[in-house]
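Copied over from TrEMBL, here are the features:
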COMPBIAS  44-57  compositional bias 'Polar residues'
DOMAIN    188-236  domain 'TM2'
REGION    44-66  region 'Disordered'
SIGNAL    1-21  signal peptide
TRANSMEM  189-209  transmembrane segment
TRANSMEM  221-243  transmembrane segment
Amino acid sequence: MYSFHIYTCLIFCHFVITGYASSPPDGNLNSALTLEMMKNATSSNNLPTGHTPTTAKPQPAPENCSDQTPGKLKTCQGYNGACQQLGYECLQCDFNCSCVYGQKINVTCRPREAVECKGEKDEWSVEMTCLYCYQTEPWQHTCQGTDQCEAVSSPRETFKSNCTVSSDVLCMGRRTFLKKLPCNWTSGYKWSTALLLSITLGGFGADRFYLGHWQEGIGKLFSFGGLGVWTIIDVILIAIRYIGPADGSLYI
């Protein structure tokens, strides 16, 4: 009797264990489903390279390197020579704005439409150095001066001047540009004359009167050059150019 019950329990336990092993638990089933979904998502994203959409970057507009300053053709009016002898301000050239600074390049030039010249207005090649007009050397352009600054101040004052490139210089950009220059104007006072007056007649203030420092000149005149001390000091200061004209200009 007992053996029958034991045998029945063993058969029941066998079926229970066999059924649990054949069907995975809920947690394992969910893990398997999640892994399968991830594989499907990965395979759908792995499309061929040719099907990947590409966005092209917009190309920047080419820079206009020609001189567009209005009124520049006034200097070209009345010219009666050959077209290839025109000044560069009277030509329209096709510049390469992406050239390397200082590099020798060839550009195609032609007379501007409003310019009259002898011969056919054909295009021709001109060799130039790659640079903008404001990068030209000081001897390649002329600038307007001013007397509205102190040329003998320390540090020396600067001013903005309109500079124009010479006709025989070919460059990119505006041929007339602003440039910051040191104040260097003069009104005609000579350093040698001031020093000579300071040595000979400095005791009477002649050097100060000459340079326009009339208040100090009167003081030296009535003090006899500060009994000689002021005279010696002024000779030294004028000799080293520490004292200059009263209007702030430079010696010539």
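The backbone N, Cα and C atoms fix where each Cβ goes, glycine too.
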Below 8 angstroms Cβ to Cβ, which residues of this chain, lying six or more residues outside the transmembrane segment (189-209), approach it?
216-221, 224-225, 228, 231, 234-235, 238-239, 241, 243-245, 249, 251-252
Averaged across the domain 'TM2' (188-236), what pLDDT does the model get? Just tell me the whole number, please.
93
